[in-house]
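Engineer: Encoded as structure tokens, here's the structure I'll be asking about.
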Amino acid sequence: MEQQNKRGLKRKALLGGVLGSGGLAMAGCEVSPPGGMIGDFLRMGWPSGITPEAVSMGNFWSWVWVAAWIIGIIMWGLMLTAIFSWNAKKAEKRGEGEFPKQLQYNVPLELVLTIVPIIIVMVLFFFTVQTQDRVTALDKNPEVTVNVTAYQWNWKFGYGELAPEFAPAGGDYDGVDEARQASAEASKIDPSGNNPIHGNSKKDMSYLHFNQIETLGTTDEVPVLVLPTNTPIEFNLASADVAHSFWVPEFLFKRDLYAHPEANKSQRVFQIDEIFEEGAFVGRCAEMCGTYHAMMNFELRTVDRETFAEYIAFRDANPDATNAQALEHIGEAPYATSTAPFVSDRTGTRDGENFQTPA
């Protein structure tokens, strides 16, 4: 009897240890998950990240799946063991009663099955908060500030502050367009006046940013946002109308954009340490925003730091030049390569080819 009790305690300890190790596997927030086909499977459709913040989220996501599979296999194993080991037919063949021996009120086992899940949830919560804090932290020293304005159904990107290395004339650079910014400020509504929605109005554009160097999307041309690699970057977001959402899938992160973000208690700024991969990455609006929401794409084009400085210098020296001309100047494809403009009329979408190639 004493030996059976010892065996039972050993089994419970083993079960607790295995379940606990599943919880501790969640602690792999900064440990790279397996690569190859196993890594692809664990990502469950998530793309590879191109920022340190995205890598942190991707690693955490993969290790949560590792822990979930460990716990799932254990629980499925216990369930199947119970199904096939203790059933009425086998008991009848053995000459036993219809029901197996009842083992309720096993206090040690109940404690294990209560405490271990609590520990797993606590570990998961801890590393969720840790990863979230890293992703949302505003502790970088950004060398490029991008002002993002969303509107139905396109995007406007403007360059605000730039580090001296990227500034056209060197030194500190503030890319604000003073005339248009002053006009926007003049539209501000007096909150003490007799105005709708607590003093805010859609005519009030004072919260938006207007810059000297901007890229504006149109129905015929997907806007291409050019950014440097290996550079801390800040994104300042706002909507000119309804709620939108700025999403680059390779960031593994999205942030909603609102009109009057401060009044709506929303954080309009996020930062990234760097983008460590050059290339073209599609960006999308991830918030249902009306009729042509599905067509509201943009492209993120990342280049090295020297090429980005050349791009900014060309845009500054040639204010009437298009973004396509600036991209050609630095040896890049002039139009988006990861997505294409959509045909917006109903008749143009019936053949399944609902996109167009820029002229």
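Just so you know, glycine gets a Cβ as well, placed from its N, Cα and C.
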Engineer: Of the candidates HIS244, HIS329, which does Swiss-Prot annotate as part of the Cu cation A1 site that also includes CYS285, CYS289, MET296?
Structural biologist: HIS244
Engineer: In Swiss-Prot, which of 184-205, 338-359 is labelled region 'Disordered'?
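Structural biologist: Result: 338-359 is the stretch Swiss-Prot calls region 'Disordered'.
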Engineer: To which of the binding-site residues HIS244, HIS293 does the lowest count of other Cβ atoms within 10 Å belong?
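Structural biologist: Relative to the other binding-site residues in HIS244, HIS293, HIS293 has the fewest Cβ atoms within 10 Å.
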Engineer: Among the binding-site residues CYS285, CYS289, MET296, which residue has the largest number of other Cβ atoms within 10 Å of its own Cβ?
Structural biologist: CYS285
Engineer: Name, in the order they occur in the sequence, the residues of the same chain whose CB lies under 8 A from the CB of GLU287 (Cu cation A2 binding site) and which sit 6 or more residues away.
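Structural biologist: Result: ALA243, HIS244, SER245, ASP256, LEU257, HIS293.
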